[in-house]
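Chemist: Quick one: the structure is below, questions incoming.
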């Protein structure tokens with residue numbers, strides 16, 4: 001059962017935390033039933049389930065970033081300007097992604113004027129310290145593409161919304177009963193508003209999917225990519241992409257729900273008399289630099305696969321598996337221009353006659369038979385045992401088409417490969433900082449312990465990656481020719497933003513951080529959420545899987561509180 005703190009205990013708690021609380025300010029104490037760190041789709045899954053399934057339970061949610069949309073947690077791509085010009089959305093994504101660990105770089109510039117200041121060439125004379133860089137990060141072990149999005153809604157403000165069902169080989173370590181987890185995945189599908197039919201009427205969708213279905217073996221299972229998206233009924237040219245707001249529903253209207261922004265969750269405070277209980281969360285208001293305390297009965301951390309273990313580490317909650325068993329997907333990418341034969345077939349296909357005729361009537365000089373507002377393709381080639389990678393054939397923000405190619409005939413190919421699970425693949429954190437400011441190798445720019453990656457791909461990973469690249473070039477050649485400047489390439493490690501395993505769930509407290517309900521081992525009232533909870537190597541997008549785990553975790557929170 002949850003413990004309840006008296007005023008005397010609260011005062012004692014404040015006094016014991018005095019070393020962390022801002023001494024020159026009056027401490028602020030907030031009281032709630034459930035405290036949630038983070039505001040992405042996983043945090044919102046917890047909030048939604050708890051509010052919907054209780055009558056009096058209060059939820060207090062803290063987000064380190066700001067609210068950048070008038071709608072709490074909305075997907076930025078719902079903006080008309082980005083639906084009209086997808087390629088411009090890349091600037092939003094790049095602006096939202098903050099690198100996690102930047103390894104030192106060679107600062108020698110041979111063409112710099114001698115009169116200009118430059119750091120010493122001899123390291124013995126001192127080294128340049130660049131704010132935000134991590135001197136402890138070995139470049140060869142880094143995930144340089146890995147980043148954090150600090151905003152209300154998290155990465156769901158700019159994600160692709162792909163929500164495939166994981167293959168059985170992507171859930172071999174799942175401690176949840178298969179039948180139960182299948183049901184959780186279906187519930188996650190509903191919560192994320194996943195559809196597989198919103199692009200069925202698109203000319204490009206039809207011709208790309210049919211070309212692949214007719215050319216590849218049927219065992220590849222070419223199909224429509226399941227997406228968290230719904231076409232608008234008032235104007236079908238546009239769609240509504242799923243964001244954290246979709247998951248949250250009407251929760252923001254509830255007087256039992258509080259969201260604070262630009263507030264860092266510094267650490268959790270464990271009871272001195274009962275080490276299985278967290279009694280409070282220490283927060284830092286980043287606008288005022290004042291510290292605050294949230295006293296609750298249950299606590300949930302859902303701040304991403306790196307920031308969640310970061311907070312646990314800073315709280316001196318350090319299970320052996322914390323940050324270990326890190327798995328990240330490899331990624332290959334290219335863009336193609338559709339074959340002339342595919343494009344020419346559109347003009348003569350009776351299924352498209354009405355659309356083509358209307359387009360030609362309106363734009364008689366256009367040599368392409370594809371209407372300007374025709375939706376992009378959204379095709380998936382799912383993971384199979386023979387081809388253990390996940391494939392998306394579509395058009396998204398990354399990849400600059402440029403002025404010489406019409407985006408209507410450009411298609412992106414993204415292949416995602418899994419990695420072997422290795423305990424030594426991990427993220428570690430700097431020592432507990434005494435000062436809440438940036439310190440090279442000690443803290444990140446938000447004053448939390450600096451993450452450092454130690455990740456290698458195995459030889460087996462390399463073999464799979466090579467096969468995956470070969471498969472991508474084969475698929476590309478089926479569809480068309482490479483767009484100049486966007487040839488087949490491996491993307492920077494970490495760019496997939498699909499890290500798993502850092503707070504993995506399981507039954508053994510030595511090889512996992514939390515139990516099958518995502519409750520941290522040896523704690524009664526502390527839960528974790530997010531892709532880090534996934535104990536498997538995955539190739540498909542992990543969000544739907546993480547939401548499924550979060551639904552089970554939220555049920556456990558409600559059960560723990562003993563409310564209905």
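Residue numbers in this text run from 1 along the chain shown.
The backbone N, Cα and C atoms fix where each Cβ goes, and this holds for glycine too.
The following feature annotations were taken from Swiss-Prot:
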- 498: active site, proton acceptor (ACT_SITE)
- 541: active site (ACT_SITE)
- 392, 394: substrate binding site (BINDING)
- 158: tele-8alpha-FAD histidine (MOD_RES)
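Help me picture these features in the structure, burial and contacts included.
Modeler: For residue 498 (active site, proton acceptor), the count of additional Cβ atoms within 10 Å of its Cβ stands at 23 [all protein chains shown].
Residue 541 (active site) falls outside any helix or strand according to DSSP and counts as coil.
Applying an 8 A CB threshold to same-chain residues 6+ apart, the list for residue 392 (substrate binding site) reads 160, 162, 225, 378, 379, 380, 412, 413, 414, 415, 416.
For residue 158 (tele-8alpha-FAD histidine), the number of other Cβ atoms no farther than 10 Å from its own Cβ, over all displayed protein chains, is 26.
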Chemist: Taking just the CA atoms, what is the gap between residue 394 (substrate binding site) and residue 158 (tele-8alpha-FAD histidine) in Å?
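Modeler: Between the Cα atoms of residue 394 (substrate binding site) and residue 158 (tele-8alpha-FAD histidine), the distance comes to 16 Å.
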Chemist: Roughly how many angstrom lie between the C-alpha atoms of residue 158 (tele-8alpha-FAD histidine) and residue 498 (active site, proton acceptor)?
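Modeler: Counting only the Cα atoms, the answer is 14 Å.
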Chemist: Tell me the Cα distance separating residue 498 (active site, proton acceptor) from residue 541 (active site), rounded to the nearest angstrom.
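Modeler: About 7 Å separates the two Cα atoms.
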